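**Q** Structure provided below as structure tokens; questions to follow.
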Amino acid sequence: MESTGGPYLNTAAVTSPVGIARLLQMTFGCTTFSLVAHQGGFSAAYGTFCMFVWTFCFAITVFIIACEFTHLHSCLSLSWGNFTAAFAMLATLMSLTAAVIYPLYFVQVGCYPIGCEVRDFRIAASVFAGLLFVTYASEVFLTRAKPGQVTSYMATVSGLLKIVQAFVACIIFGALVNDSQYGKYVATQWCVAVYSFCFVVTVVVVAFSVTGKTALLWFPFERSVVIYTFGAVLLYASAAVIWPVFCFDSKYGSPRRPGLCAKGKCPWDSQLVIAIFTYVNLLLYVLDLAYSQRIRFVSHL
């Protein structure tokens, strides 16, 4: 039989620096959730979130390795470079969050009352969770766009910032639903509308980039994204002014945390988290706008 193409298996998928990083991700991810499931244990929403992060990232990493090793990704209707870059950034953020949350809520110095064996398993799981974050961050570092390099949009600083912006918005939404009392004033409802609109449009931009459908649009996608980013800066700037005024000004809210407010169920705490991450996302959108002036979209990579 005559060969009609290149090799059937892509060994670079597991021997290149990026491939080795993904193999380590798979190993550390499997080890982490195995330690937790076997003896470490988890409970409540925090533990469930951590387990979801580790199993989800493990599954997608295995899928990516399998597709690249067998060239199966060429059969998928995805912009593979955009997909892998977006997932690496998302996995970095998710694994970092889990690596902070799990030891914070489940690791203790003493053995009582969980026992020394369970404590040791939880400490080991926390160590591997930290290593998992490092490997995903390494992939982002290895695959990021270099100056003058033609690469996928999601591998650029602007593309990576889109993932971070959406992730920060999810943190804001989590604080909003945690008894933040945002419906008390029309002004704070406007802030929620800002967060929601920017989140939805950012996700749409990522989705079009990952699916590689930007060239099929009837309007110039590149220019539209820059215009949207400028609009998002203005919208977040308004929220960054309005939210603190209507939550922490003595006329509308409380400048200090109420003394009788229960820990974990205090609206003031949620309002403070939202204010902090509003400024974080405002900074991210400003940086995005600055970097978006220096890149060009490539939808087919």
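In case you wondered, yes, glycine gets a Cβ from its N, Cα and C as well.
Worth saying up front: this structure is predicted, and the values here are computed from it rather than measured.
Features from TrEMBL:
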type	residues	note
DOMAIN	13-148	domain 'MARVEL'
DOMAIN	153-297	domain 'MARVEL'
TRANSMEM	44-66	transmembrane segment
TRANSMEM	78-101	transmembrane segment
TRANSMEM	121-142	transmembrane segment
TRANSMEM	154-177	transmembrane segment
TRANSMEM	192-218	transmembrane segment
TRANSMEM	225-246	transmembrane segment
TRANSMEM	272-291	transmembrane segment
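Looking at the shown structure, what environment does each listed feature sit in?
**A** Taken residue by residue, the domain 'MARVEL' (153-297) breaks down under DSSP into 110 helix, 0 strand, 35 coil.
Outside the transmembrane segment (78-101), and at least 6 residues removed from its termini, the chain residues within Cβ reach (under 8 Å) are 25, 46, 49-50, 53-54, 56-57, 60-61, 64, 67, 126, 129-130, 132-133, 136-137, 139-140, 143-144, 151-155, 159-160, 163-164, 167, 206, 209-212, 299-301.
Through the fold, the transmembrane segment (121-142) approaches residues 17-18, 21-22, 24-25, 28-29, 31-32, 35-36, 38-41, 50, 54, 57, 85, 88-89, 91-92, 95-96, 98-99, 102-103, 106-107, 114, 160 of its own chain, all at least 6 residues removed from its boundaries and within a Cβ separation under 8 Å.
Residues 81-83, 85-86, 89-90, 93-94, 140, 143-145, 192, 195, 198-199, 202-203, 205-206, 209-210, 270-271, 273-274, 277-278, 280-281, 284-285, 287-288, 291-292, 295 of the same chain, all 6+ positions outside the transmembrane segment (154-177), place their C-beta atoms under 8 angstroms from a C-beta of that stretch.
When Cβ-Cβ distances below 8 Å are used as the criterion, the transmembrane segment (192-218) is approached by residues 77-79, 82-83, 86, 152-154, 159, 162-163, 165-166, 169-170, 172-173, 176, 182, 225, 228, 232, 235-236, 238-239, 278, 281, 285, 297, 299-300 of the same chain, each at least six residues removed from its ends.
Within the chain, the transmembrane segment (225-246) has long-range Cβ neighbours (under 8 A, six or more residues past its boundaries) at 184-185, 187-188, 190-191, 194-195, 197-198, 201-202, 205, 252-253, 271, 274-275, 278-279, 281-282, 285-286, 288-289, 292-293, 297.
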**Q** Below 8 angstroms Cβ to Cβ, which residues of this chain, lying six or more residues outside the transmembrane segment (272-291), approach it?
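**A** Answer is 156-158, 161-162, 164-165, 168-169, 171-172, 175-176, 180, 191, 195, 198, 226, 229-230, 232-233, 236-237, 239-240, 243-244, 247-248, 257.
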**Q** Determine the mean pLDDT over the domain 'MARVEL' (153-297), rounding to the nearest whole number.
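**A** It averages 91.
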